Amino acid sequence: MASEQPGFWARVQRASVERLHIRLESLVVLLALGTAMALLSPYFLSLSNFLNILLATSTIGVLAIAATFVIGSGGLDLSLGSVMGLAGVAGAFVAVNLGWPSVLAVIACILAGAIAGYINGQLVTRAFVPAFIVTLGMLGLARGLALVISQGRAIYGLPPEIVYIGQGRPFGIPMPVIIFVLTAIVAHAVLAYTRFGRHTLALGDSEGAARAAGIRVEHHRRIIYTLSGALAGLAGLLFTARVNAGDPTAGINYELTAITAAIIGGTNLFGGRASILGTMIGALIMGVLQNGLTLLAVQSYYQQMAIGAVLILAVFIDQYQVRKESRV
Amino acid sequence: MTLLSLHGIRKSFGAVDVLHGVDLSVAAGEVVGLVGDNGAGKSTLMKTITGIYRADTGSIEFDGKDILALDPGQRRQLGIEMIYQDLSLAKQQDVASNIFLGREPTKRLFGLFPGFVDKGEMDRQAAKMIERLGAHLPSINRSVGSFSGGQQQTVAIARALTFNPKLVIMDEPTAALAVREVQSVLDLIRRLKSEGIAVILISHRLNDVLSVTDRIVVLRHGRADADLVTARTNMNEVVSRIVGGGDIAAAAAHEQRG
């Protein structure tokens, strides 16, 4: 009888997956990474550095939330970084070149992202072009449009209200961190506890089962891609406000980091399993990794390599686990 | 009491005639086996009952109503449920999520935000349904994909029952199962019968059909070629009817194959 009982670790693992929707391994990796960095660098363990990590993670984190929804639904959005760049330029253009009120600039950021995402969704569900190709094409389209709008130069001179979104520190906490955490809480509630979120995962799990259950599959996908674009727009706003410029080259390669964060957090690359809580751990792992490597004075070129390697490693481990579980 | 009756159902796809005037009737709480060789028209016939295909001519009455003009959704509302061979389960989701997919009970979070899934209620009802079927699952919170084929079949049947069907059509429910699991699925079919639910069982496994049905209808070349009372027939007769007439040599060959 005792031999049939799964071990303590296995039970805790199962409970964390079933109840909290996170893979415990990612939490262990985060703690191990943090400990290693603390031992290697005397500057790592400090409140200001902790806030630095969160601040640096906020943009990527919002993109990773978008990636989690899309990948969880069985899709893919490679245009996240480019759409983020386009949205930032759109917002800066509205505020600076047009001189419109800051509220409209904020709306322009998110709307630009949502429109790009909506186009992605339409093409995926109506034109039957694979998501990989559609969003790869959008990666080029959005980046090009950002360069066209800004004529290839960063747009400076944002109004103070927008700069506050990026640089303000109410209660000593950076505004982007506050916005990022609030977004994550809402996204977690939506994905884990609402019908919308459950249908998203069911759709990624088996499109046939979702269709048989009466879920409007194509409609749902269009909403997911639009949501993904809107979140990329929000990320663009955070970035633009933080650096105080609408930079058309903002967000290059960010989709790589965002998708990596989602996968490390336990999102199944092929859909059906995903959690925002897990993605947040994944995003923090990426943040700690980049912060630590910077503190250790490792060149940023190597950081890029590290992120790519981590992505492949994370998918390898995930697939290894899936194969192991399916044998049981 | 006749629950379902089909008269002179014809269906063709372009130049290909699949059904040439099928008559079939199923009484409430009756288990009817539908057998026939590949291409005999079993799937087409079932899809004209669920409404995926529209019969070219003929009449379909269900529960005293003419349902020929109704679409699949309306027919499901009336109580016709079909469980396909692939089961249409979301394998990474748990039991309750599958049973209630698309119809999750909701509540307001903190009494404010609508649209939140009432997971506790879902789990309770799901457990009750599995219990009603007299089945046992390792855990209701585990992903369905980690279950055996028979356990997955149980989840699919439990989901079908949430619509309170009067007729459940099952397409090859035992085809992919281990021997021990076949028995539990056959027990589930008997359980449905005892609750007054009619079942049409499509299967190539004649042993299963003979052990669980009340009647066996043999479909051959798009016609209901034979309508046998299970208690008064045997394997040889069914096989010879499937392959055609009294061709005993062919019957023996078929039996050896399958």
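Cβ coordinates are placed from backbone N, Cα and C, and glycine is handled just like the others.
Model, not experiment: these values are computed from the prediction.
Annotated features, as they stand in TrEMBL:
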- A:24-44: transmembrane segment (TRANSMEM)
- A:50-71: transmembrane segment (TRANSMEM)
- A:78-96: transmembrane segment (TRANSMEM)
- A:102-120: transmembrane segment (TRANSMEM)
- A:127-151: transmembrane segment (TRANSMEM)
- A:171-193: transmembrane segment (TRANSMEM)
- A:223-245: transmembrane segment (TRANSMEM)
- A:251-270: transmembrane segment (TRANSMEM)
- A:277-295: transmembrane segment (TRANSMEM)
- A:301-317: transmembrane segment (TRANSMEM)
Response to the item:
Checking A:24-44, A:78-96, A:171-193, A:223-245 against the transmembrane segment (A:127-151) for Cβ pairs under 8 Å, the most are found for A:78-96
Fill in: Touch test for the transmembrane segment (A:171-193) and the transmembrane segment (A:251-270), at least 3 Cβ pairs under 8 Å
no
Practice prompt. Flag the pair the transmembrane segment (A:277-295) / the transmembrane segment (A:50-71) as in contact if three or more Cβ pairs fall under 8 Å (sequence separation 6 or more).
Written response: yes
Practice prompt. Return the stretch with the most CB pairs under 8 A relative to the transmembrane segment (A:24-44), choosing among A:50-71, A:78-96, A:251-270, A:301-317.
Written response: A:251-270
Item to complete: Using Cβ atoms only, state whether the transmembrane segment (A:78-96) and the transmembrane segment (A:223-245) have three or more pairs under 8 Å that are 6 or more apart in sequence.
Response: yes
Worksheet entry | Considering the transmembrane segment (A:50-71), which listed stretch of A:102-120, A:223-245, A:251-270, A:301-317 counts the most C-beta pairs under 8 Å | A:251-270
